[in-house]
Amino acid sequence: MTPRTGRQRRRTWTACFGGYAHISPVEIQGSRAFLAKLLIGLQAGRRRVTNALEDGAGIGRVTEGLLLPLADKVDVIEPVAKSTTELAAKHGVRNVFNDLIWAQWCVGYLTDEQLVSFLASCKTVLQAEIGCIVLKENVSSSDDDLYDAEDSSVMRTDTMFWDILKQAGLRLVRTGLQRGVHMKGYDKLCPIRMYALEA
């Protein structure tokens, strides 16, 4: 979904997924499973997050479905104010140092240089020793980044993400692919990769 289109469409989960809203529960579960591998969660042996931040929060699908159940407080960053009007009223959402910063399907609108700068800025608000940044993005399955002239976005290769993370001075602690969304009939969906990063 492009920022321009997002302003024009009704802010719904269906609009966020371009008609694939039924994959939202599977996608959220994949994110939950990835965090569990980082020992973040509600089950025994995992830790609850004190402060989380979601970048590109949109209408709050990830904030509500993933972060609020796991965190005491959640900060949200979203450039389209209308998107977060209802979200701002949710208990636990606020505008500190964060245990978890989550950025999903939004960094494709940043240039490589802007993404390096963004990640470097995120490092400055991470809780020492336990803070973690998670990027969750579509990745190009070709040998090159894919540019979309219509919405001025880029779908980076896994190799390019690794290079950017290195430039930002972050350490990759875990990576994984989203499972369960590439079902029969939905083979046009791009691979979705998660990167867990520490300062």
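Keep in mind that glycine also has a Cβ here, set from the backbone N, Cα and C atoms.
Residues annotated as S-adenosyl-L-methionine binding site in TrEMBL: Gly56, Arg61, Gln104. DSSP classifies Gly56 (S-adenosyl-L-methionine binding site) as coil under the three-state reduction.
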Count of other CB atoms lying within 10 Å of the CB belonging to Arg61 (S-adenosyl-L-methionine binding site): 21
Neighbourhood of Gln104 (S-adenosyl-L-methionine binding site) by C-beta distance under 8 A, where only residues 6 or more apart in the same chain count: Ser31, Glu54, Gly56, Val62, Leu135, Lys136, Glu137
